[in-house]
Amino acid sequence: MASSAARKRPKDAATSADQMSRKILLYSVLLALQYGAQPLISKRFTRREVIVTSSVLTCEIVKVICALIIMAKEGSLKKTFSEWTVAGALTASGLPAIIYALQNSLLQIAYKNLDSLTFSMLNQTKILFTAVCTYLLLRQRQSIQQIGALFLLIVAAVLLSIGEGSSKGSRDDGSPDQILFHGIIPVLAASVLSGLASALCQWASQVKKHSSYLMTVEMSIVGSLFLFASTYKSPDGEAIRHHGFFYGWTLLTMIPVLLNALGGILVGLVTSRAGGVRKGFVIVSALIVTALLQFIFEGKPPSVYCIVALPLVVSSVSMYQKYPYRVKEKEL
């Protein structure tokens, strides 16, 4: 009986791992499709008059509602909130939310002072910084092949970003000091912060066992509070006070809002189960999805950059999955 039970355990563990792998694959595919389709759907169903802050705040509210409904359906809502603490929430979700807000501000500063090519190249280093931060916080090592796959992915991401931003022109004005201190340094700092925030989210979910749905709720609330506070002096805040919160909205405006909320929940699931590095692979893959959807629905052919990047993305994903880091005997 004991030996029979012992034989069942490896099979049960293998079955559980297989089911988890399938879930991760499903979440990753759904996230790539959502992230890839979001620009087209937002462009089609969101009127120019819609105030950006109103759509972002509504999306955060929808994310909170959806996450709470899922938790209630799973039966984990009551237990999760009975164990909830302010300190735990601030550590697991508050800090990453603040870091992401700071990162977005730095990106806005950098984008105004760099040409599209430089900005795209430096912005993609966030994938590498995510790998570094996950190693520092979680001791999650990468094999040599996986490191090579990361660099392939960065090259592909740069090519895709150049193809997307080539039509926007470049910014040739600005002194070298302004480019360095208001362009290069902010975008590199934003990349480091992006990697740190992603690693912190992974640490909270995998080490502290913080529910990804609860993190979605907490980060949405913290982010909404910061955004709401910014409306006190921002142009969007003035527009909301003058025209109303739902100025320019139609029923169809809810379609991209709902899709974006779904994407936020999927990001949490992918990060908690697969890690921030793999989330980077999904996001870059989504850029190719966008190019394909633009060709199908708008007749816009993929750029040469996209065509060159496609085999790089496929190769990098294959390499990263095929050659995971294996613990050596000396490390055991």
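Heads up, the Cβ atoms here are built off N, Cα and C, so glycines get one too.
Taken straight from TrEMBL:
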type: TRANSMEM; residues: 52-72; note: transmembrane segment
type: TRANSMEM; residues: 84-102; note: transmembrane segment
type: TRANSMEM; residues: 122-138; note: transmembrane segment
type: TRANSMEM; residues: 150-167; note: transmembrane segment
type: TRANSMEM; residues: 179-201; note: transmembrane segment
type: TRANSMEM; residues: 213-232; note: transmembrane segment
type: TRANSMEM; residues: 244-268; note: transmembrane segment
type: TRANSMEM; residues: 280-296; note: transmembrane segment
type: TRANSMEM; residues: 302-320; note: transmembrane segment
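Touching of the transmembrane segment (244-268) and the transmembrane segment (302-320) is ruled out by the presence of fewer than three CB pairs under 8 A, sequence neighbours closer than 6 excluded. Listed as Cβ neighbours of the transmembrane segment (52-72) (distance under 8 Å, sequence separation of 6 or more from its ends, same chain) are residues 46, 80, 211, 213-214, 216-217, 220-221, 223-224, 227-228, 230-231, 234, 236-237, 240, 245-247, 249, 253, 256-258, 260-262, 264-265.
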